[in-house]
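According to Swiss-Prot, the features are:
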type	residues	note
REGION	18-64	region 'Disordered'
COMPBIAS	29-39	compositional bias 'Gly residues'
COMPBIAS	40-50	compositional bias 'Basic residues'
DOMAIN	170-398	domain 'tr-type G'
BINDING	179-186, 260-264, 316-319	GTP binding site
Amino acid sequence: MDSRVSELFGGCCRPGGGPAMGGNLKARGAGGSSSCGGPKGKKKNGRNRGGKANNPPYLPPEAEDGNIEYKLKLVNPSQYRFEHLVTQMKWRLQEGRGEAVYQIGVEDNGLLVGLAEEEMRASLKTLHRMAEKVGADITVLREREVDYDSDVPRKITEVLVRKVPDNQQFLDLRVAVLGNVDSGKSTLLGVLTQGELDNGRGRARLNLFRHLHEIQSGRTSSISFEILGFNSKGEVVNYSDSRTAEEICESSSKMITFIDLAGHHKYLHTTIFGLTSYCPDCALLLVSANTGIAGTTREHLGLALALKVPFFIVVSKVDLCAKTTVERTVRQLERVLKQPGCHKVPMLVTSEDDAVTAAQQFAQSPNVTPIFTLSSVSGESLDLLKVFLNILPPLTNSKEQEELMQQLTEFQVDEIYTVPEVGTVVGGTLSSGICREGDQLVVGPTDDGCFLELRVCSIQRNRSACRVLRAGQAATLALGDFDRALLRKGMVMVSPEMNPTICSVFEAEIVLLFHATTFRRGFQVTVHVGNVRQTAVVEKIHAKDKLRTGEKAVVRFRFLKHPEYLKVGAKLLFREGVTKGIGHVTDVQAITAGEAQATMGF
């Protein structure tokens, strides 16, 4: 990495630790024309001693798509130009699903020109007017001086523009929390969501536990959800200044929903279900500084990689260790992340600039893995994680979202409740389409392969009423007096026009990650596909008699209990004891309800 650019953004990056500048910042000697007459030629390392740098630093050229916009300056635009700028801002906000980043003082080809103080002030004033016009808020993320070939101080300014889309109450991001038992997952979430530091004995996590045995043992055994909000100015909104989840939702323009998963190996099936069913945008992998990579840490890391869930790492409990111990744990993580099969670029976050950069790099490149070192007791570096979460944009683009919303309604049933005076309530994620209050849907498959009609009475997101649910959003749906006994986890609620198909036999292309001996016909495994979790038997291995660790094959599975709703292309994960494998569904043998009753023995 060029030291000039590193100094420009105050970034700090460990050797081999990846980039530390904002928006893929890099230096180029030749490449593109420069309107300010920057010299061309071979790039040099370092600054000129005792003088200004001659080689201008660059960002990558501006992309037409995405939520990042470069502007050299925005000084006194004409009315026509202003309207064009407003339209452009709407486009960038749409691309970022409510968030956009403006780089002021940067040309379209990425050249960091910078602006004098008066021009920067005028440009930010225009940006404020643009934001007001579209109903957005702006926050200055950082300012840095650009001092090559100029005696006049020049700056570039990075600005976050945030606007909650008209069809949403707030921006939403789901983060699954992984890590070994006793690494501090629930404690960290308690500190973030309650606004109070831990006392070193687990006080912060008590409000997160759902069962008495969890409080007694201090270990999570079930999936729980916690929320952290940010207002339009980037300030944290949590239970320290809000009594209820409803108040947090009302005060926030962005919501982070943490999915707290179990760390103990005994509850691994619950952790896998949380990753496959709740469709997290990304995952937070917690590693204790004093134990390093231990227990289920590697297994959880492998799950995130297998399911292609982007993840970042938090090294906790740094207050318990010497600095050398923390550094050893970070080096251990960096070695694992760079190994074949992982191929990640670790980036150690040590400053607010690093946190801003990490959020942008993480969204743009799936290979970048930010690493935070913090303490839930002393609060050390906790603010850096909050900055990262505030700036982190949605990881799916607007086009993908629009395509999903154009499809027919499909809602995954992950949880089932009975609420007094409300009736049966189901919780889950809308995989595709749009769901409204009063919609008529069908739910299934039942044990005998049927789909039953029902009506959506009301919808809630984060305990707040919601009239419309869109693809990718998680919510609870009230079903009135629908019989709870007819429902189970793994079902789907779909539009009647979809004419859903079910199967008891399906084929998948798999990779056997580990098996002690040979994987043969007749072997039984627990299959996870989305919110489906059921025991299946291997009926056939195509073109082979057996499989060994690391081998690939197309395998035919048969569910043992009841038929399921599966789609071709869905990611698949199976396990039984130490046996593990991943793959995707390649074919489903559709059957009718009558055939299901015959084949499943009803």
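Each Cβ is built from the backbone N, Cα and C atoms, and glycine gets one as well.
Of the listed binding-site residues Leu261, Val318, the Cβ environment within 10 Å is emptiest of other Cβ atoms at Val318. Here the binding-site residues are Lys185, His264, and the one with the most other Cβ atoms within 10 Å of its Cβ is Lys185.
Every protein chain considered, the tally of other Cβ atoms within 10 Å of the Cβ of Gly179 (GTP binding site) stands at 27. In the three-state DSSP scheme, Val318 (GTP binding site) falls into the helix class. In the three-state DSSP scheme, His264 (GTP binding site) is classed as coil. Other Cβ atoms within 10 Å of the Cβ of Asp182 (GTP binding site) number 17 in total over all chains.
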